[in-house]
Amino acid sequence: MTFYLFGIRSFPKLWKSNPYLGLGPGHSYVSLFLSDSCGIRSQQRLFSLKTMSPQNTKATNLIAKARYLRKEEGSNKQVSSVPHFFSAGAAKKRSQMNPQSKDHALPSVRNTIQLPTQPLNSEEWDKLKADFKGKTSFERFIISQMAHSHSSVDVAKSLLAWVAAKNNGIVSYDLLVGYLYLCVFHMQTSEVIDVFEIMKTRYKTLEPGGYSLLIQGLIHSDRWRESLLLLEDIKKVITPSKKNYNDCIQGALLHQDINTAWNLYQELLGHDFVPMLETLKAFFDFGKDIKDDNYSNKLLDILSYLRNNQLYPGESFAHSIKTWFESVPGKQWKGQFTTVQKSGQCLGCGKTIESIQLSPEEYEFLKGRIMRDVIDGGDQYKKTTPQELKRFENFVKSCPPFDIVIDGLNVAKMFPKARESQVLLNVVSQLAKQNLRLLVLGRKHMLRQSFQWRKDEMAEVQKQASCFFADNISKDDPFLLYATLHSGNHCRFITKDLMRDHKACLPDAKTQRLFFKWQQGHQLAIINGFPGSKLTFQHILSYDTVVQTTGDSWHIPYDEDVVERYSYEVPTKWLCLHQKT
């Protein structure tokens, strides 16, 4: 029998009166096709589908001397081509230079079924199901793959009509939500409203994914305020997600309800959520048509929020910020996209970007927090004993302040083909020639004669640097942080470790930002060299990559669309805004 369903309004005729159909709200299967809608991107698909057609001067000088290889060695070009350790995209490039073996990756599960591109009748759906060889439910598999492939609403509608005809009018909740997802994706607002009416009749409550889809679909209609009621329904069970707030804010701005949008934004912040950048962008997009000082001040508060939480707008958001500034009447703002020189000077306006170095007050604050929260209170991040840590503290206090602290085991493994003790000795020897006070942190096994560790080379290391060898079960990071901070703001450290665990151990955004700022200003990276050759250290950034203003100028670092930036990296592109004089 040929069965096409051209209107969702005819669905109730196919269903029985029981309000709880199929699996019911909350079934975990719904998450399979809600990933995009709820702000979670799926990077892997289980099936492959085919579509059918119908300060210390010595330490400072070291940095200056080690920024580049000697000109006579002809290596300036080589050094300049290496991305900075903390620059956006640097980790991606390092991973490409050192690809990991993929020989043991599990093959993805594949199914040869082809998704239809046109609505099917009952006989055609019957045949497609008969050809299906998967172990899961055919209907669930099809609707999930339709969602992933963003199939047309009409094709999904024919699936639901076929299911209803085969099951005495019963359509399971997960199939209905899958259909709703496609309606939302294709912005079929009238269909969303029809599904909304059915769900109100059939279900007393929904699971969060269903609510989220309805909110997202309703905000584009003249019934957008009902999305606010759905938000209240979510609050009765759980805290709404920042995606829920984002959609409601977008709906309020779309329909010119500014007060509701700002109230929702404050409510979002009250939950300690970090707003989605598209939420903040929406305020700037709306603001270019608003000539109101109060609204303008709130947008400037958003920029301060970006600064305080070390957030970076994307390229599109940066364009929205630029457009808004240039639209403010009487202020004569002019924006341009630019970069910052290594000296910290903006190439756009010539102003100097804020220094990466912490103020004395910031340094003492951070030092106290790290000592308390990471060294003394961070047991979950270290493997050592209180006795050994105390022994180390006494050792450090008995020594003059160090200029450089070296993670010995980490540095020794930087060149895998070389003997580890030889690598460490080479690094220590070259630094010792600069008359720097060095501390090498290591493990006791490094002192035992072995293929990787020669006693004579380690004895030479101990002649040129102070050394502390911890138990083999200990972790070096707490020792490295303690020694570096105790030595003073001039002290640098060498390790490839990015210290993300320690940053996460800190209690608030302010302390985490200060830690990352301190790390960028003190961590030395070896970017060139091998045993017996001259080492090259990457320059330490002189400026802080953070949103900043001088009153008559703003400098806003932003993410390029084409660059993949890891959380411990910073953008290299800037939006420069200044007032014409």
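Numbers here mean position along the shown chain, with the first residue as 1.
Each residue, glycine too, has its Cβ placed from N, Cα and C.
Feature annotation from Swiss-Prot assigns transit peptide to 1-46.
On the 0 to 100 pLDDT scale, the model's mean across the domain 'PRORP' (340-576) is 89. Annotation comment: Swiss-Prot describes 340-576 as domain 'PRORP'.
Here Swiss-Prot flags C346, C349, H555, C576 as Zn(2+) binding site. A strand conformation is recorded for C576 (Zn(2+) binding site) in the three-state DSSP classification.
Under the DSSP three-state reduction, D476 (Mg(2+) 1 binding site) is assigned to coil, being neither helix nor strand. Summarising the annotation, Swiss-Prot assigns Mg(2+) 1 binding site to D407, D476.
Its own atom aside, the Cβ of D497 (Mg(2+) 2 binding site) has 15 Cβ atoms within 10 angstroms in the protein chains shown. Swiss-Prot lists D477, D497 with the feature Mg(2+) 2 binding site.
Cβ-based neighbour count (10 Å, all protein chains) for C576 (Zn(2+) binding site) stands at 22. Between the alpha carbons (Cα) of D476 (Mg(2+) 1 binding site) and C349 (Zn(2+) binding site) lies a span of roughly 44 Å.
Each residue contributes its Cα atom, and for D497 (Mg(2+) 2 binding site) and C349 (Zn(2+) binding site) these two points are 36 Å apart. C349 (Zn(2+) binding site) sits 41 Å from D477 (Mg(2+) 2 binding site), counting Cα to Cα. Taking only the Cα positions, the spacing between C576 (Zn(2+) binding site) and D407 (Mg(2+) 1 binding site) is 39 angstrom.
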